[in-house]
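Undergrad: Relevant sequence annotations retrieved from TrEMBL are reproduced here:
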- S168, N200, L319, S323: Na(+) binding site (BINDING)
- 7-31: transmembrane segment (TRANSMEM)
- 85-103: transmembrane segment (TRANSMEM)
- 112-137: transmembrane segment (TRANSMEM)
- 157-182: transmembrane segment (TRANSMEM)
- 194-215: transmembrane segment (TRANSMEM)
- 310-332: transmembrane segment (TRANSMEM)
- 353-374: transmembrane segment (TRANSMEM)
- 380-403: transmembrane segment (TRANSMEM)
- 424-448: transmembrane segment (TRANSMEM)
- 468-492: transmembrane segment (TRANSMEM)
Amino acid sequence: MYGGGVASVVVSFFLAMYYNVINAWAFWYLFHSFQDPLPWSVCPLNGNRTGYDEECEKASSTQYFWYRKTLNISPSIQENGNVQWEPALCLLLAWLVVYLCILRGTESTGKVVYFTASLPYCVLVIYLVRGLTLHGATNGLMYMFTPKMEQLANPKAWINGATQIFFSLGLGFGSLIAFASYNEPSSNCQKHAIIVSLINSSTSIFASIVTFSIYGFKATFNYENCLRKVSLLLTNTFDLEDGFLTASNLEQVKGYLASAYPSKYSEVFPHIKNCSLESELDTAVQGTGLAFIVYTEAIKNMEVSQLWSVLYFFMLLMLGIGSMLGNTAAILTPLTDSKIISSHLPKEAISGLVCLVSCAIGMVFTTEAGNYWFDIFNDYAATLSLLLIVLVETIAVCYVYGLRRFESDLKAMTGQAVSWYWKVMWAGVSPLLIVGLFIFYLSDYILTGTLKYQAWEASQGQLVTKDYPAYALAAIGLLVASSTMCIPLVALGTFVLRRLRRGDAAPVA
């Protein structure tokens with residue numbers, strides 16, 4: 001099982017390298033949240049100051065601030081560009097905060113986690129009250145709770161869901177094991193496992209309600225704004241009475257005008273947008289797009305937008321730092337527990353070296369092509385490898401160490417016998433589910449064919465799909481292999497060493 005532990009540390013190290021970049025972006029947005037108006041609420045003027053920036057007009061003010069002002073993104077992954085000094089400084093600040101929190105080891109980290117874990121709940125409650133009172137919030141909630149069978153039949157949806165659970169619970173990273181190693185042996189780990197799972201799932205549903213209420217407001221605002229623009233265009237073009245066009249009769253009037261005034265209607269037709277609330281709701285995004293584009297677009301349309309922006313990005317920062325503390329604990333615990341390393345370096349030096357190396361490598365994500373490399377790490381560094389690690393851990397505990405021995409250990413710790421439900425889940429259901437997800441994951445990428453990525457096209461003001469170059473595909477393969485191959489390689493090395501020791505211990509004839 002030593003190989004599984006090494007693989008977990010490698011995955012946690014990969015995660016540390018890129019995840020703290022999110023905290024750097026959160027710092028960047030938090031600093032800009034004190035401006036009035038918010039810098040992502042309006043498009044900047046062009047060089048001649050005769051109109052708005054062309055890229056911003058074709059996209060939106062929130063997309064422009066994200067892709068141009070924050071990332072200064074290049075057109076493709078092949079164009080690396082230079083390190084952007086503003087995100088780089090924010091990344092240094094993010095790693096400095098993490099280092100100060102882990103400076104004295106896991107004992108001090110646990111105290112910080114109390115604050116970083118509890119504060120977001122307070123902000124979420126505030127946002128829940130605000131979100132439910134926003135116009136259009138019910139549209140978002142109805143969209144959230146309405147089942148979509150085509151999505152349920154899509155293997156990608158289940159893969160994303162499983163990946164989210166693995167991330168939120170910390171499965172396979174080693175952070176749970178690292179923190180649990182400081183518990184008393186008599187600690188009721190079975191009770192803690194149930195509590196953590198329930199809190200995690202409840203928090204996900206709670207946060208989703210907050211998110212979709214705000215998402216519904218954003219979609220409704222854009223839909224009604226689209227209707228106003230189309231109504232104003234048709235009213236001015238065809239001299240209609242003010243207030244005559246409404247959402248209920250717009251399509252009917254458009255059909256009448258197209259048949260009654262075909263030549264005149266054909267002139268304005270390219271400027272008439274197809275307004276649809278369902279389309280606005282369907283334009284869902286995830287990851288950084290949800291955090292830094294969708295939310296900022298909703299926040300800019302709220303009253304006292306600076307206050308809601310500060311609250312949101314401070315909450316995002318607390319969540320990110322809390323995640324980083326758990327992740328770094330998974331790296332530092334085996335390093336500080338190692339007699340070879342800890343005998344030469346104190347805890348503070350080991351923590352500093354881990355942060356320094358991770359920060360130095362993380363500077364890659366602050367280049368103009370850094371966001372493309374961030375997506376590579378986010379998509380491939382801790383997905384397939386996590387499934388394999390957790391599968392190996394489950395098989396090792398149930399079939400190598402032995403389910404009966406594991407059951408007797410738990411009974412000695414908790415004083416209670418393990419029910420048949422847990423044994424069935426550990427030995428049968430969980431491995432089968434993980435294998436099923438593993439097959440879904442592989443089949444999805446086989447069916448997809450050549451791996452692609454979304455690149456920002458400034459001239460169009462939108463994302464376009466491009467193929468990964470050969471060296472990017474090689475980097476993806478190396479990311480997956482470097483963690484997953486730890487398990488068989490360490491197992492092989494352990495086997496060889498044991499054989500050599502047996503050979504040395506054999507009596508000489």
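All residue numbers here begin at 1 and follow the chain in the order shown.
From the backbone N, Cα and C atoms, a Cβ is placed for every residue, glycine too.
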Undergrad: What residues elsewhere in the chain lie close to the transmembrane segment (85-103), defined as a C-beta under 8 angstroms and at least 6 residues from its ends?
TA: 20-21, 23-25, 27-28, 70-71, 109, 112, 320-321, 324-325, 328-329, 332, 348, 351-352, 355-356, 358-359, 362-363, 365-366, 370
Undergrad: Specify the count of other C-beta atoms within 10 Å of the C-beta of N200 (Na(+) binding site).
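TA: The Cβ of N200 (Na(+) binding site) has 13 Cβ neighbours within 10 Å.
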Undergrad: Including all protein chains displayed, how many Cβ atoms other than that of L319 (Na(+) binding site) lie within 10 Å of its Cβ?
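TA: Other Cβ atoms found within 10 Å: 21.
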Undergrad: Between the transmembrane segment (194-215) and the transmembrane segment (380-403), are there three or more CB pairs that fall under 8 A, provided the residues in each pair are separated by 6 or more in sequence?
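TA: Touching, no - the transmembrane segment (380-403) and the transmembrane segment (194-215) miss the threshold of 3 or more Cβ pairs under 8 Å.
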Undergrad: Beyond S168, N200, L319, S323, what residues of that chain have CB atoms within 8 A of the centre of the Na(+) site's CB atoms?
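TA: Here the non-site neighbours turn out to be F167, T203, G322.
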Undergrad: Relative to the Cβ of S168 (Na(+) binding site), which residues of the same chain, six or more apart in sequence, are found under 8 Å away?
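TA: Residues satisfying the criterion: N200, S204.
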Undergrad: Have a look around S323 (Na(+) binding site) and count the other CB atoms within 10 A of its CB, chains all included.
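TA: Result for S323 (Na(+) binding site): 22 neighbouring Cβ atoms inside 10 Å.
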Undergrad: Within this structure, do the transmembrane segment (7-31) and the transmembrane segment (424-448) have 3 or more Cβ pairs under 8 angstroms, counting pairs 6 or more apart in sequence?
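TA: Between the transmembrane segment (424-448) and the transmembrane segment (7-31), contact is absent.
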